């Protein structure tokens, strides 16, 4: 063997050793990232699912109570008072959306979410003791104010902790927690309605008392349970150590480069309203919530007046479609993240939504109509996760993401305002206005998905 060949042997051996060492370092980094993601999933996605469920807890209580004596007891059965009570909640929430979202960044998630969750629970509890529709309007305004920061604040916090290709599944976790709590709330409301007359209280009053008290307890636990933003992870209670915090910050910085926000100023915040993408994403959420409100607030009424079920059966049967929704939201989100698909998933879900409303509106069989509620519910909940990850993937910068989250949630709320008026009692059992509007307004989401 020549001297040149002999000299190559140690060099090759050294190169192999360096390559092996680099491979070990990369493997260690991957394992550490998985460990950090798991910790964040267990601490953030769990409590976020509970807090986000408060968005649906309110609609679950009032929709279940709407088929009891509550409407008559409070005078909400006159004219459009029930629809107005839903509208006024949304209007109050929309007005406080932007300042509430900015407050998450300024006060920190632990303080902010603990205060608004406890406040929401206290107001819900007090609603059990009102005596008129005017008092209900006041309570709905207060509930809207306290609820205004929950959804956009959680969307901002979750998008701060994960890389873009990880987001849809995490939003799906959030949505699963939300719909499971909401569906269970329907079963709980069924049981609580059977307490009608106990302690001199109506069944609907027990719904507000029990679930308001539960929300207060969750609010107290939130202070220790929820985590701060990545750069302030050390302020969270028993969460990441110093090395894990640095790794969490580094992985997000590498993905988006916006971990640490620029100093707050109103010009810095408001300039982002000049970006047309913000309005495009806001419009898609307006259309989605118009459809979801028609189902979430009015499903028990549709089941009772549209399909002929009794009061208790209508409350009970409104729960299973939400349990079913966990399946499509997890499957579609896993596919979306794994293959980095957003538009195709949104379009597929939109087609399922149109099919579900078609079954609900145009079939003569109650079974087919009820199955249609499954398809429609699973589709709009799946699209909620898909659209959230779609906008989060295309928006960078802490304040811009805060503005987008607020704008999206505000228009989401305005969609709820529109949705509260498309289910008309005099159109039972078909509710054609709600059916046609929901199907027609789903088409833009389908088309936006095709473009994405």
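The backbone N, Cα and C atoms fix where each Cβ goes, and this holds for glycine too.
Annotated domain 'Major facilitator superfamily (MFS) profile' per TrEMBL: 44-452, in sequence order. Confidence for the domain 'Major facilitator superfamily (MFS) profile' (44-452), expressed as mean pLDDT, is 85.
Annotation source TrEMBL lists transmembrane segment at 40-62 (among others). Through the fold, the transmembrane segment (40-62) approaches residues 85-86, 89, 113, 117, 120, 124, 143, 147, 150-151, 154, 157-158, 161-162, 170, 173-182, 185-186, 189, 207-208, 211, 215, 218, 221-222, 225-227, 236, 239, 248, 293, 296-297 of its own chain, all at least 6 residues removed from its boundaries and within a Cβ separation under 8 Å.
Here TrEMBL flags 82-104 (among others) as transmembrane segment.
Long-range contacts of the transmembrane segment (111-131) within the same chain: residues 51, 54, 57-58, 61, 74, 100, 103-104, 139, 142-143, 146-147, 149-150, 153-154, 201, 204-209, 211-220, 222-223, 226, each at least 6 residues beyond the stretch ends and with a Cβ under 8 Å from a Cβ of the stretch. Marked as transmembrane segment by TrEMBL: 111-131 (among others).
With a threshold of 8 Å between CB atoms, the same-chain residues lying at least 6 positions outside the transmembrane segment (137-159) that come near it are 44-45, 48, 51-52, 54-55, 58, 84-86, 88-97, 100-101, 103-105, 109, 112-113, 116-117, 119-120, 123-124, 126-127, 130, 167, 170-171, 174, 229, 388, 392, 401-402, 405-406, 408-409, 412. Residues or ranges marked as transmembrane segment by TrEMBL: 137-159 (among others).
The annotation transmembrane segment is assigned in TrEMBL to 171-192 (among others).
Marked as transmembrane segment by TrEMBL: 204-226 (among others). Counting same-chain residues at least six beyond the ends of the transmembrane segment (204-226), those with a Cβ under 8 angstroms from any Cβ of the stretch are 43-44, 46-48, 50-51, 54, 57, 61, 64-65, 68-70, 73, 109-111, 113-129, 185, 188-189, 192-193, 195-196, 198, 236-237.
Long-range Cβ contacts of the transmembrane segment (278-302) within its own chain (Cβ-Cβ under 8 Å, at least 6 residues beyond either end) map to 56, 59-60, 62-64, 66-67, 86, 182, 186, 272, 314-315, 318, 321, 353, 357, 360, 373, 376-377, 380-381, 383-384, 387, 390-391, 394-395, 403-404, 407-416, 418-420, 422-423, 425, 428, 431, 434, 437-438, 441-442, 444-445, 448. Residues or ranges marked as transmembrane segment by TrEMBL: 278-302 (among others).
For 314-331 (among others), the entry in TrEMBL reads transmembrane segment. Packing against the transmembrane segment (314-331) from elsewhere in the chain are residues 63-64, 67, 169, 172, 175-176, 179-180, 182-184, 186-187, 189-190, 193, 299-301, 303-304, 349, 352, 370, 373-374, 376-379, 381-382, 384-385: each is 6 or more residues past its ends and has a CB under 8 Å from a CB in it.
Annotated transmembrane segment per TrEMBL: 343-362 (among others), in sequence order.
Residues annotated as transmembrane segment in TrEMBL: 368-390 (among others).
Same-chain residues lying 6 or more positions outside the transmembrane segment (402-423) and placing a CB less than 8 Å from one of its CB atoms are 80, 83, 86-87, 90-91, 93-94, 97-98, 100-102, 104-105, 148, 151-153, 155-156, 159, 269-270, 272-273, 277-279, 281-283, 285-294, 297-298, 301-302, 391, 395, 431, 433-434, 437-438. The transmembrane segment annotation in TrEMBL covers 402-423 (among others).
By the Cβ criterion (distance under 8 Å, sequence gap of 6 or more), the transmembrane segment (368-390) is counted as touching the transmembrane segment (171-192), at least 3 such pairs being found.
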